[in-house]
Amino acid sequence: MATTRSTAPYRYAAHMYSLVQTIFQVRWSTEMRFVCSVGTRAMQVHRKLASGGNHGAVAGEVYETEVLDTAGFAGAEAEEARAFFQRLDEQLNKVNRFYERKEGEFLERGECLRRQQQILVELKAAVTEARRRGGSSAAGSADPEDPSVSCSILHGDQSLRGITEQEHESQEKLADDATAKNTDEGEDHLPISEGLGDSGRIEKPREEAANKLRTFSGRAVTCQGRSVRINIPVTTPSRTVFAIRELLFDDMLSQSRKTGGNGGDGGEKLSINKKKVHQAEKMIRGALVELYKGLGYLKTYRSLNMLAFVKILKKFDKVTAKEVQTIYLKVVESSYFNSSDKAIRLTDDVEELFVRHFASGDKRKAMKYLKPNQKEESHATTFFIGLFTGGFVALFIGYCIMAHIAGMYTHQSNKVYMSTSYPVLSMFSLFFLHLFLYGCNIFMWRKTRINYAFIFEFAPTKELKYRDVFLICTTSMTIVVGVMFAHLTLIFKGYSSSTVQAVPGCLLLVFLLVLVCPFKIIYRSSRYHFLIAIRNIILTPFYKVVMVDFFMADQLCSQVPLLRTLEYLACYYITSSYKTQDYGYCTRVKHFRDLAYAVSFLPYYWRAMQCARRWFDEGDINHIVNLGKYVSAMLAAGTKVAYENDNSAGWLSLVVIVSSVATIYQLYWDFVKDWGLLQFNSKNPWLRNDLILKQKYIYFISMVCSLK
C-alpha cells in the first residue's frame, strides 16, 4: 500500500478500468428528441446517445438545441439566441461528461476499498485467532504477545497460481491501462495498493505514460485464500531506501531458507502481525474518509451546476421576454449529472461501511470523521487580537523611546547591540510582517469565495483562518518587542554580561522550540504541515511538488535577507561570539562569509529544482523556461561573489552583463507569463482575456508593487 503525493483537485479517485463497458454492451445508434413549445413550436432539444470505442462502449450523451423559426426571434436576435443555446449545450455536455467520468472513478475506488476491507477483516480474524491460541502457531514471530499470521509470498510465475482466472484478467487489464491510457487531465491508472498513503489519501500518479512510477518489486501475497499484489514505488528517498532494504532482506532470507532446506514448497512466509494490520486499517479508514469527501465535492458540483442552469435560463427569459426556462430545464433535470443516483448510493454505502468497521456501529461517531464540524469563529480571538495589538504598539513606542535615550541610532551608538541584538528584532519583524500579509490574503480569498484550504490541501477543520494568523502575529510581536525592550533596559542600566547578551539568542531558541513542539498545543496541525512543507522544499528533487510546496518556496525567494540574518545569528551564538562580543567574527572568517552567500542561493536553487521536478513529472516545457529564471539569478549572484573576491575589470563586466540578462529574464517572466502583460490581441488592453477584477488599473498597480 505505497503512495505518491497528489496535485490534482480530484486526487481522491485512482483510475482502474471502465465500468461503462460492462454496463452498455450494445452500440447505440438511435436518437431521442424532446420537442417542447410555448404556444407554437419554439425549440427542440435533441439528445444523442453516441457510440465509440471498443466493445460498443458509450462515448457519452450529447445535447443539441434547435431554435425554430416559429420561436419569435427576428434577425440578429435569432442568431444570438442560437449562439446562446449552442454555448449552453456545450456547457451541459461538458458537465455531463465530467460528472460521468468522475462518478465512474469513485465507483471503481469504492469497489476496490470494499474488497480491501474484506481482506482486512479476514486478516484481523486470523490475527485474533492466532492471538487466542497464544501465538503457538505464529510463524516468524518470537514475541508470544504479538503473534503473527503466516502468509505465503509466491515469486515469479508462482504468484499467479493463487489468483483466479477472473482476477488475473483484471490484473492484466489494469496493467495495460496503466501503461497505455491517460485521461483528459493526464491522470494515470494505479491499482489500489499504490493509491493509499500514510495519510490515507487517494493519490494521483504522474501525467505522462513515459513517467510511470517504477517499482523495485511487484509480488502477490496469498493469505487466507486471497491474493493481494504489492508494489513498492520509487517516489521518495525514504521509500527507495526502504524498498532496497526490504528486497535485500528478502533475498538474504530466501538464500538462508534454501540453504536450510526449507525451500521445497516453492514459497516463503510473510509475517503479518497485529501492528501491520492496525496500520493497514488506519490507511483504509483514511482512504474511506477521503472518498467520502470526494463524493461530497461531486455532490456540490452537481447542485451548483444545476443552480447555474436555472439562473442563466431565468436571466435569458427576462432579457428576451420568452419562456424557454421550463423547456430546457426538463432536459437538464433528465440529464446524466442530475438524474444519476450512483454517487448517492455509494455515499450511503461508504457511511454504512465506515459505521460498521470503524465506529463500532455508532453513526454519530462515524460522522465526526466523515463530516467533521467546522471550527466556529470565536469572539475571544478578536478580543485578544485587539489586546495584543495595543500591547505591541505600546511596547514598540517604549522601545523606540528607550533606544533614542540610549543613543542606539546615533553615530556613537553601541555597535555590538546594533550588530547582534537589533538583527533579531528585524528578522522577527520581516517574518511576522510576511505572515500578516498572508493573513490579509486569506481574508481576501474568503471574501472572494476562493477555497484556499482545498487548493493547498489543508484539513478543512484545521486550516488557519485569517483571525488565527493575525492572533499569531500580534501575540508573537508583542512577546518579541517586550523581550527586546527588557533587554535594552538591562543594557542601558549597565548590565553587559554574557547572560544578558544571550537574551536575543534565547528568544530565537524559544520560538524554534515552539515551532517543533510535538504536543497538541499552539496550532500543532499547522506547525506540522509547515515543517512538512519546509522538508519537501529542502529535499525538492526527491518529493513530488504540490501547490503548497512551490507557493512556500516562492515566498522564501522574498525572504533572502531573513535567511542571511538567521545564518549570521546562528553563527554568532553557536560559536559563542556573544561571550567575547566579537560581532565581526562571522563576517571576517572566509568560510562563514561564503556560507552566507550560499544561503542566499538556496531559495533560487529550491525553486529551480522544483521546476525541474515538475517538468520531469508533467513534461511541460514551460517549467524548463521557468527554471532558467532562477538559474540566471544564481549566476548573477555567483558572479557578484567572484567579483568581490577579485576586483578586476573583467569580473565587473561579467557582473553587469549577467545581472542585466537575469533582470530582463525575470521581468519578462513576471510581467508576461505571470501577469499576462503585452497581450496585444486581448479584449482587455495589454492584459489577458480572462480577468477576475473589473478594475483593470489594479493589475498595473500590483505589477509595480510586486517588483522586488
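Keep in mind that glycine also has a Cβ here, set from the backbone N, Cα and C atoms.
A TrEMBL annotation is a machine prediction, not a hand-curated record.
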Labelled transmembrane segment by TrEMBL, one stretch among 466-490, 591-615. Can you tell me which?
466-490
Is it possible to list how many residues within the domain 'EXS' (587-708) are helical, extended or coil according to DSSP?
91 helix, 0 strand, 31 coil
Can you name the far-off residues of the same chain, 6+ from the ends of the transmembrane segment (466-490), with a Cβ under 8 Å from a Cβ of it?
377, 381-382, 384-385, 388-389, 391-392, 395-396, 398-399, 402-403, 406, 408, 417, 421, 424-425, 428-429, 432, 435-436, 438-440, 442-443, 446, 500, 503-504, 507, 511, 523
Looking only at the domain 'SPX' (1-330), what is the mean pLDDT?
60
Using a Cβ-Cβ cut-off of under 8 Å, list the residues of the same chain that are 6+ residues beyond the ends of the transmembrane segment (383-405) and lie near it.
467, 470-471, 474-475, 477-478, 481-482, 484-485, 488-489, 492
